[in-house]
Amino acid sequence: MIETWGCQMNAHDSEVLAGLLEQMGYLATENENDADVVLLNTCCIREKAENKVFGRLGNLKKLKANNPELILGVCGCMVQRPEMADKIKKRMPHMDLIFGTHNIHQLPDLITEAKQNSTARVKVWDREGKIVEDLPMRRAAGIKAFVNIMYGCNNFCTYCIVPHVRGRERSRHVADIITEIEHLVQQGYVEVMLLGQNVNSYGKDLDNNIDFAGLLKKVNDILGLQRIRFMTSHPRDFTDKLIDSLANCGKVCEHYHLPIQAGSTAILKRMNRGYTKGEYLDLVKQIRQKVPNASITTDIIVGFPGETDADFEDTMDILQRVQFDGAYTFIYSPRPGTPAADMAEQVPPDQKKERFQRLLKLQNSITEEKHLQLLRSTQEVLFEGTSKNDEHIMSGRTRSNKLVHVPADKSVIGKFYLVNITKAQMFSVSGELLEEI
Ligand code: 5AD
Ligand code: SF4
């Protein structure tokens, strides 16, 4: 059993962990009482995520007491934080394996050793090794697959722990990426999500003169593949050349996740983001000029150290001006070891919460308005599965990544249909099937 916290990158790492376990002869289970191995793949982007993991680690103790043969492991970003592995080892002596993001490929050896000897195994490289290709993966069944194109991040935004736990940027070779996607298409996947902390800097560390725009063109040429998505993009590296190639690659969906983080230029500077409010607005304008129906989503942090009322109003202002299709909003959480955690002028918790609520309210109304704008339009929808609440309702996504619910039977799954949008909700729209494409 594997439990995953955090982002798509972690979700995809869990697919590799599952592949490795399967290769060793294990079968997946969702019931902890049936499990021979329980792995927690953790996140440390905000403090809350870490607290939850500690809670969960604590209650696994009982499981181990009932089944001493059980192998318990904790891995992922949180383990990679300085001194964390020791802390876990001391506070949670029932854990058998503690391994970092750079050590995933060593899982089979770690399990074999743990079976022979019951003392805890700790394997945390503090530096990234070479990319290990050809690891087995147990991907979520379905029609869309995650494909890593690069690992790590070089940006060192001052609030962010990611470069400290995921290492420097390393791009996979084009041939490895293309071969992987070709295999996925052979297996029936029709959509890929290209993953990286900052996909726009793909290729900068390779010597064969390829960049993200070049990679997209090659992926776009893969026969049988229907949709391409990617995340995450850094506004600073979103070049004109890239915008042109987005407009020219027919399979690349018109949805761009472009985290702005804050609206105030002064705060952006202290965050080390490398662009101003005006530059971000220009970028959005350019994208919308070349891709008129582009859907743009973002990430925003509220309460970064030194954020004044006026700074926060800049964030509210940019939300109004851009009219994002959606935004993930976060309260700033100091991460030990990052520069922002030591900055004076930390914003008091009550003020952070109040600003967060205002921001959420504004964005929710914009998101809903965006859904209302889809009413009576015809959308191309790729159906992905049954809706969570009703097995007679199928869900799919538009190219712009809007969630669509339609009464239909399961035969639509994996197919493209034109859908007439008849109803708008806060987080999705509903409609009726027109015809298969
Ligand atoms: N506090 C709050 N939010 C954060 N993020 C990254 N670090 C922090 C932090 N210390 C947010 C950013 C990023 C998203 C994945 O998480 O908005 O884009
Ligand atoms: Fe963190 Fe910034 Fe890198 Fe994104 S670009 S992972 S926010 S350091």
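Every residue gets a Cβ built from N, Cα and C, even glycine.
Because TrEMBL annotations are produced automatically, they should be read as predictions rather than curated entries.
Note that the structure is a prediction, hence the values are computed from the model and not measured.
So that you can see what the record holds, here are the features copied from TrEMBL:
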- CYS7, CYS43, CYS77: [4Fe-4S] cluster 1 binding site (BINDING)
- CYS153, CYS157, CYS160: [4Fe-4S] cluster 2 binding site (BINDING)
- 1-116: domain 'MTTase N-terminal' (DOMAIN)
- 139-369: domain 'Radical SAM core' (DOMAIN)
- 372-435: domain 'TRAM' (DOMAIN)
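Following the DSSP three-state reduction, the secondary structure of CYS77 ([4Fe-4S] cluster 1 binding site) is helix.
In this structure, CYS157, CYS160 are the binding-site residues from CYS43, CYS77, CYS157, CYS160 whose C-beta falls under 6 Å of some atom of ligand 2. Here the CA atom of CYS77 ([4Fe-4S] cluster 1 binding site) lies 12 Å from the CA atom of CYS160 ([4Fe-4S] cluster 2 binding site). In this structure, the C-alpha atom of CYS157 ([4Fe-4S] cluster 2 binding site) lies 17 angstrom from that of CYS7 ([4Fe-4S] cluster 1 binding site).
Of the recorded residues, CYS77 ([4Fe-4S] cluster 1 binding site) and CYS153 ([4Fe-4S] cluster 2 binding site) place their C-alpha atoms 13 Å from one another. Other residues of the same chain near the [4Fe-4S] cluster 1 site, with their Cβ within 8 Å of the Cβ centroid of CYS7, CYS43, CYS77, are TRP5, GLY6, MET9, ASN10, THR42, CYS44, ILE45, ALA49, GLY76, MET78, VAL162. Helix, strand and coil residue tallies for the domain 'MTTase N-terminal' (1-116), in that order: 67 helix, 18 strand, 31 coil [DSSP]. Taking each Cβ in turn and tallying the other Cβ atoms within 10 Å, the top scorer among the binding-site residues CYS43, CYS77, CYS153, CYS157, CYS160 is CYS77. Within the same chain, residues at least six positions away from CYS7 ([4Fe-4S] cluster 1 binding site) with a Cβ under 8 Å of its Cβ are CYS43, ILE45. Residues CYS160, taken from the binding-site residues CYS43, CYS77, CYS153, CYS157, CYS160, are distinguished by a CB atom under 6 angstroms from ligand 1.
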